[in-house]
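Trainee: Grabbed the feature section from Swiss-Prot, which reads as follows:
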- 23-43: transmembrane segment (TRANSMEM)
- 62-82: transmembrane segment (TRANSMEM)
- 104-124: transmembrane segment (TRANSMEM)
- 133-153: transmembrane segment (TRANSMEM)
- 162-182: transmembrane segment (TRANSMEM)
- 185-205: transmembrane segment (TRANSMEM)
- 212-232: transmembrane segment (TRANSMEM)
- 302-322: transmembrane segment (TRANSMEM)
- 337-357: transmembrane segment (TRANSMEM)
- 372-392: transmembrane segment (TRANSMEM)
- 410-430: transmembrane segment (TRANSMEM)
Amino acid sequence: MNLKKTENALSLTLKNFIKSESFGGIFLFLNAVLAMVVANSFLKESYFALWHTPFGFQVGDFFIGFSLHNWIDDVLMALFFLMIGLEIKRELLFGELSSFKKASFPVIAAIGGMIAPGLIYFFLNANTPSQHGFGIPMATDIAFALGVIMLLGKRVPTALKVFLITLAVADDLGAIVVIALFYTTNLKFAWLLGALGVVLVLAILNRLNIRSLIPYLLLGVLLWFCVHQSGIHATIAAVVLAFMIPVKIPKDSKNVELLELGKRYAETSSGVLLTKEQQEILHSIEEKASALQSPLERLEHFLAPISGYFIMPLFAFANAGVSVDSSINLEVDKVLLGVILGLCLGKPLGIFLITFISEKLKITARPKGIGWWHILGAGLLAGIGFTMSMFISNLAFTSEHKDAMEVAKIAILLGSLISGIIGALYLFALDKRAALKK
């Protein structure tokens, strides 16, 4: 009965999110595999040269642009972080993070799932040039994790899906904080003040409930540039922009007009093809329905497929390719061990222990419909770090520490693969065990 209530509580938005993210995760995985194959084939020189190709335009003696790799990591990934920011804002206002009672359990789980992997990595790499990579195993890739859960289907309780999504959203928020605090260097305060000025204008637009997305996006480009120049990673600008996008629906609701249009359409005669009148009515319905959506919903709906089926797969293809040959030094400090143990051991232990202790201390309450063994299974799947871990590895290790970056990427792929396989087998066995007991 509790599971039925939980399933009914799962909003349509959340269900669509599960679907898009899970299929996006499969596509993401295929691109990561393709990158590894190409990076270790006769095409490897062309593959690595491609990402250093400059793209932009020349103005006199000045070149305005970036390498293809920077376009992906700094510009396209900003759109991905914009979508993450929109998701976080929605969950904070209306979703599973909207109240302390709802949010406390997954948020504490996310904190434990970030601290434990970070500590394991740092302990193994303390006092080495690679210690700065402690943020790498802290992240969870929700697309991959949900892809695994969707493959398991009904064997996974709906309540566990909700918990994992909420945990991943809180984890994303934590990763953003980690990037802002620990992977920011050489701050330029003049540019930072410029960014704050843009944020102030965005806040005024939000306060006035300006519903057109155009001024927000134009100011967002300016904010991105200021933040990029300030020394803070530019993707943080996208998250700030997301929090400034209005979420209120219009007061002059179009419901009555939609009903009237629906009645008009029902009264028209049906044929093989739509008549001109029917096309006009449907076009009006589409416009009125769009007007009912908040700017946040419209932007999120627009970005979801672009992010899931273009930006993330392209990021995976550009970053997952590592040439594994005799020249690579797998013994760079303890990077390989730190990342793999952080993802495969630190994530499940951190999530399980901190939630178990917090419930015993009556700080939080476990969601109905899932047991402690389910929480451990979610912890195993949370060890699939891939996308965000790859992103943080690019920030943690510069070109001067290329060996560590390459080893970290191999470790992320191995750790994520191990976590995904063990997590899937574990939840499958858990379901079988429950079925036998019945």
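Every residue gets a Cβ built from N, Cα and C, even glycine.
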Trainee: Are the transmembrane segment (104-124) and the transmembrane segment (337-357) near each other by the rule of at least 3 C-beta pairs under 8 angstroms (pairs 6 or more apart)?
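Mentor: Yes, these stretches are in contact.
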Trainee: When only pairs 6 or more apart in sequence are counted, do the transmembrane segment (410-430) and the transmembrane segment (62-82) reach 3 or more Cβ pairs under 8 Å?
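Mentor: Contact absent: fewer than 3 Cβ pairs fall under 8 Å.
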Trainee: Between 62-82, 133-153, 162-182, 212-232, who has the most Cβ pairs under 8 Å to the transmembrane segment (302-322)?
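Mentor: Selected stretch: 62-82, with the most Cβ pairs under 8 Å.
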Trainee: Please indicate, using numbers and ranges, the residues of the same chain that are 6 or more beyond the transmembrane segment (133-153) and have a C-beta under 8 Å from a C-beta there.
Mentor: 18-19, 21-26, 28-29, 113-114, 117-122, 125, 160-161, 164-165, 167-169, 171-172, 174-175, 178-179, 182-183, 308, 312, 335, 338-339, 341-343, 346-347, 381-389, 391-393, 395-397, 404, 408, 411-412, 415-416, 420, 423-424, 427-428, 431
Trainee: When you scan the chain for residues with a C-beta under 8 Å from the transmembrane segment (62-82), skipping those not six or more beyond its ends, what do you find?
Mentor: 50-56, 176, 220, 224, 228, 233-239, 241-242, 299, 303, 306-307, 311-312, 314-315, 318-319, 391, 394
